[in-house]
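Novice: My questions will all concern the structure given below.
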Amino acid sequence: MTQLFDTLGFIDTSAARTGAAAATHDAAATSTEPAGPAGAAAVSLEQVGKVFATPRGQAAALRDVTLDVRRGEVFGIIGRSGAGKSTLLRLVNGLERPSSGRVRVQGVDVGALDEDGLVALRRRTGMVFQHFNLLSAKTVFENVALPLKIAGVPKAERVRKVEALLELVGLAAKRDAYPASLSGGQKQRVGIARALVHDPEVLLCDEATSALDPETTQSILALLADINRRLGLTIVLITHEMEVIRAVCDTVAVIEQGEVVETGPVWRVFGDPRHGATRALLSTLVHDLPAELAARVQPLPEQAALPDGAQVVLDVRYTGESGGEPDVGALAAALGGSVRFLHGGIERIQGHAQGRLVIAAALRAEDAGQSTARGGAVAALLERARRHANHAEVLGYV
């Protein structure tokens, strides 16, 4: 529990300080730590590495990580279990020191801070956990008010602040309820309110929705997006779920075996993933062909012509790079008009239309008898499709 309170910035781990002396010291500590130049990144990692000692020797958890999180954005960090996501977050709030490189939060070098400086940092850096870590013997109000009480904030100010936060997270009616009577989503809302009590500049979320059902997850993500808009708060969100990234993040970084292998705007990474780890994480969102349809798709014959009445199956993808709406009508016209849509759809991510269409198109009458060897009519069909999409490939024929 001491580590939890330390993470939240509830306590000072240096010599005991109480009353007015503590308040004066905290104010001085805050005033001597610059917030960084205007326009600087809220969180910056420069060639950061982290090595842990194990019984088998040195183990690298992070390797040469360089990231910039812009002020006011929601930045998602995604990776599989053991990729190094949580280690990265612990470096940002000073629970771990980097083995190499530099971590800055609001322009302050986290690795250079002493214990007093770390306490001040954690009060400016809110933390939302996967597990709610609420005190069962205290009410919702008391759980949220606790860090303010420990920090010596006067009672009247505590009441004002906590009531405003409970209103913000939609729990005003649960003010006097105990954690045992709350749903998982309500408990996480308490955790979010508690993380905001010190008016943080950055909010760190460590798998904040992974213990929740899908409907509750969406409500918590909507709350985080609302807080980001209302308060202009920078949010760094750790997750292993691409659905979470798509729903709320502006920018995403993909971590694989301790290295950042891909980063960029969410729409770009989703529409045109460039690393195998990213494609693997996105596979849960990319729907494969239904089994009955996949069974019907036959490979193109290498030498012979297609059977009479056969149609070429094309996998057409839109990445959103053009910024406009996919002109599906123009695609159909370019393919000769005899087109069937077999599978897929278009969605919008950050205002960019992207998606996948699996279509069946007939060869032109004059080309229908040509051999498929060395391209020929099928290659011409594919080329026409590529003029109206970002990517297109032949899957076979039906």
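Quick reminder: no glycine exception, Cβ is built from N, Cα and C everywhere.
So Swiss-Prot has the following annotated:
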- GLY79, ARG80, SER81, GLY82, ALA83, GLY84, LYS85, SER86: ATP binding site (BINDING)
- 43-282: domain 'ABC transporter' (DOMAIN)
Novice: Given the recorded ATP site (GLY79, ARG80, SER81, GLY82, ALA83, GLY84, LYS85, SER86), which additional residues of the same chain have their Cβ within 8 Å of the Cβ centre, ordered by sequence?
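Specialist: Other same-chain residues near the ATP site: HIS240, ILE255.
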Novice: With every protein chain in view, what's the tally of Cβ atoms within 10 Å of the Cβ of SER81 (ATP binding site), excluding that atom itself?
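Specialist: For SER81 (ATP binding site), the count of other Cβ atoms within 10 Å is 7.
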Novice: Is it possible to get the count of other C-beta atoms within 10 angstroms of the C-beta of SER86 (ATP binding site)?
Specialist: 19
Novice: When a 10 Å sphere is centred on the Cβ of ARG80 (ATP binding site), how many other Cβ atoms does it contain?
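Specialist: Other Cβ atoms within 10 Å of ARG80 (ATP binding site): 15.
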Novice: Would you mind checking how many other C-beta atoms are within 10 angstroms of the C-beta on GLY82 (ATP binding site)?
Specialist: 12
